[in-house]
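Here TrEMBL flags 34-52, 73-94, 100-122, 134-159, 165-185, 227-251, 263-284, 379-401 as transmembrane segment.
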């Protein structure tokens, strides 16, 4: 379990350090907001990682495969690329070579996606079925700790020592995860893949893992599958706009990096976890149908606190209020969606593939809307930008209202 924890850290570091934190550095260097927000496009490999599975499954890295095995060899190469990528990115951007820096960041994003794919497979294979759920929780803790270090920790370091040194220190954590990757045990693999896939027929894999699971979903919901798909695709529209530039918003209205790190990052993470726990319990009490409506509307109204914050400026009480309202309701809303998606997948032959498909589907608009957020905030202003985000966050409820599908009956629907 200790190994799983440290390996998970390598999956969380690049998510924050590569895009979220780097956007702050770009903005402080004088890069226009609409260009800063375009950096969200570089996170697309995280969404496309559902396609990386067959590559990690089928291709063996020469020499390293004999030493470390299939999963760890892919993870090791990915982590080494991320380590040197971040070290290089930190030094190159200091000389204002933005194009080269973005190219490096795209390479890091691909390496991160491959690392995440390989380590997810490693966790499933190394653990017994009884321990896999515990390992998932432990991995989640490592992932969140890494995001906290690369988010709040990086902002605190940058406030004291500057960005170049920050991007020299934080990536060194990869040395710990690389050593862990070398030392942990390799799982025993019992290959049950069909021969056609073992030979590298990716068209067959595409049909088996993506087309057939989606076809099964359509057959289960012949009347409303389009509405369900639209609902999942659009569910996070408001969040994707705001989270793309939220840190820059806090800095722009007068807060410093230390305040943002302690309140928006650290306190916000705690609120998200608490909101997730509350949301999970409320699903059992009120049922998924009601919770979709309740959490979506509550989260929409939490944007009012951002509107007020845009008006009052750098008020710490309002910042605490805004973060508390936004992140607790976000955690609740996420719990409701996870419950709904799990419900759609059910217990079928395609459960895992369908869940992976829906998980990618629900965030597919994140890089696109995140990239547009800077343009919208620049030309509309913060207040109107948040008002538009509020309206967009309610649109998915229109599709959910029309969905004829009802959640499983064993979930209380009081």
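Including glycine, each Cβ sits where the backbone N, Cα and C put it.
Note: the stretches the transmembrane segment (227-251) and the transmembrane segment (73-94) are not in contact (fewer than 3 CB pairs below 8 A, sequence gap of 6 or more). Across the candidate stretches 73-94, 100-122, 165-185, 263-284, 379-401, the maximum count of CB pairs under 8 A to the transmembrane segment (34-52) is reached by 100-122. Same-chain residues lying 6 or more positions outside the transmembrane segment (263-284) and placing a CB less than 8 Å from one of its CB atoms are 144, 147-148, 151-152, 155, 246-247, 250, 291, 294-295, 316, 319-320, 323-324, 326-336, 339, 411-412. Between the transmembrane segment (165-185) and the stretches 73-94, 100-122, 379-401, the greatest number of Cβ pairs separated by less than 8 Å involves 73-94. Beyond its flanks by at least six residues, the transmembrane segment (100-122) meets 7-8, 10-11, 14-15, 18-19, 22, 39, 42-46, 48-49, 52-53, 55-57, 71-72, 74-75, 77-79, 81-82, 85-86, 88-89, 92-93, 139, 187 of its own chain at Cβ-Cβ distances under 8 Å. Under 8 Å from some Cβ of the transmembrane segment (379-401) lie the Cβ atoms of residues 227-228, 230-231, 234-235, 237-239, 241-242, 249, 252-253, 292-293, 296-297, 299-301, 303-304, 306-307, 310-311, 373, all in the same chain and six or more residues away from its ends.
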